């Protein structure tokens with residue numbers, strides 16, 4: 001009898017533990033840009049039912065085409081000697097993916113919302129506030145923001161305990177890291193569900209509290225800004241700084257090359273936001289040179305000129 005009682009307790013405990021976490025099956029990705037499309041791709045490729053949402057069918061057609069091309073590149077590596085298996089993989093992945101221009105309509109039956117739209121606090125808050133009224137009670141809301149506070153986004157909803165951050169890295173199909181952000185209100189159930197989902201889509205999740213920039217950008221952005229300040233002071237040329245970090249620290253590209261790749265406007269937006277939160281933190285001090293280049297529309301590779309010129 002004692003054994004039977006212990007067995008029942010263990011079984012009940014296991015069942016309770018299993019009930020604590022949400023197994024994500026249906027995913028809604030808001031935003032059909034590079035990040036949103038990439039997230040939709042890896043979710044669909046791992047067997048999730050995915051709806052990719054954006055403002056127009058034209059944008060979504062472009063997103064879908066990009067996903068198809070990305071899948072072809074993936075299959076060339078995964079199915080080198082099995083082209084038929086690669087074709088089936090692409091077909092199965094695309095079958096799991098649909099698109100929509102009506103976010104409200106599709107959140108009625110979703111387990112997880114991943115927002116990947118423009119880095120604007122007000123626009124994101126408005127989106128989450130609207131979707132909060134129509135999504136099921138169990139649905140978890142997340143943002144892929146790289147610079148905004150998850151807590152402030154969560155406060156625009158009534159589901160602060162079912163809200164967290166899922167910060168993927170570009171290009172999503174290639175980069176293995178996902179930062180899972182837990183706010184003071186995020187429940188343990190939600191956090192564990194997000195960790196499990198990240199693993200299910202083939203990523204290696206790391207956890208972090210809701211601190212500016214989380215882990216990677218919190219270290220990376222000040223590093224790039226310090227490189228700019230070193231150059232501003234005339235201590236070294238940008239070319240030599242890039243070479244030094246590549247050959248001396250093993251970085252794949254130098255800080256100025258990275259700034260141009262990321263986009264100087266994006267970097268300025270991030271540092272300005274952090275500076276407003278912590279104006280006395282010298283690591284978050286704005287850069288006159290960066291501000292000047294952004295004002296001149298020299299934003300990096302995407303405009304043909306930033307710290308370097310591109311032809």
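Each Cβ is built from the backbone N, Cα and C atoms, and glycine gets one as well.
Look at TrEMBL and you will find 31, 32, 33, 34, 35, 36, 54, 119, 124, 146, 170, 302 tagged as NAD(+) binding site. Here TrEMBL flags 70, 77, 146 as CoA binding site. Annotation source TrEMBL lists domain '3-hydroxyacyl-CoA dehydrogenase NAD binding' at 26-211. Per TrEMBL, the feature domain '3-hydroxyacyl-CoA dehydrogenase C-terminal' maps to 213-310. Residues or ranges marked as site 'Important for catalytic activity' in TrEMBL: 167.
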Which ones in the same chain are close to residue 70 (CoA binding site), with CB under 8 Å and 6+ residues apart in sequence?
37, 38, 41, 171, 173
List of residues, in chain order, with Cβ under 8 A from that of residue 35 (NAD(+) binding site) and at least 6 apart:
116, 144, 168, 170, 172
Among all the protein chains here, how many other CB atoms are within 10 A of the CB of residue 33 (NAD(+) binding site)?
16
Taking the residues 70, 77, 146, which the record names as binding CoA, find the longest CA to CA distance and state it in Å to the nearest whole number.
29
At the level of the C-alpha atoms, what whole-angstrom distance separates residue 124 (NAD(+) binding site) and residue 167 (site 'Important for catalytic activity')?
15
Using Cβ-Cβ distances, find the residues under 8 Å from residue 146 (CoA binding site) that belong to the same chain and are at least 6 apart in sequence, listing them in sequence order.
119, 167, 213, 214, 217, 270
Are there residues of the same chain, six or more positions away from residue 54 (NAD(+) binding site), whose CB falls under 8 angstroms from its CB, and which are they?
30, 31, 32, 36, 60, 63, 99, 101
Across the domain '3-hydroxyacyl-CoA dehydrogenase C-terminal' (213-310), what is the average pLDDT of the model, as a whole number?
96
Between residue 77 (CoA binding site) and residue 33 (NAD(+) binding site), what is the CA-CA distance rounded to a whole number of Å?
24
Counting other Cβ atoms within 10 Å, pick out the least crowded of the recorded positions 77, 124, 167.
77
Among 31, 32, 33, 34, 35, 36, 54, 119, 124, 146, 170, 302, the record's NAD(+) binders - longest CA distance, Å:
24
Within 10 angstroms of the C-beta of residue 31 (NAD(+) binding site), what count of other C-beta atoms is obtained when all protein chains are considered?
24
Number of Cβ atoms other than its own within 10 Å, given for residue 170 (NAD(+) binding site):
14
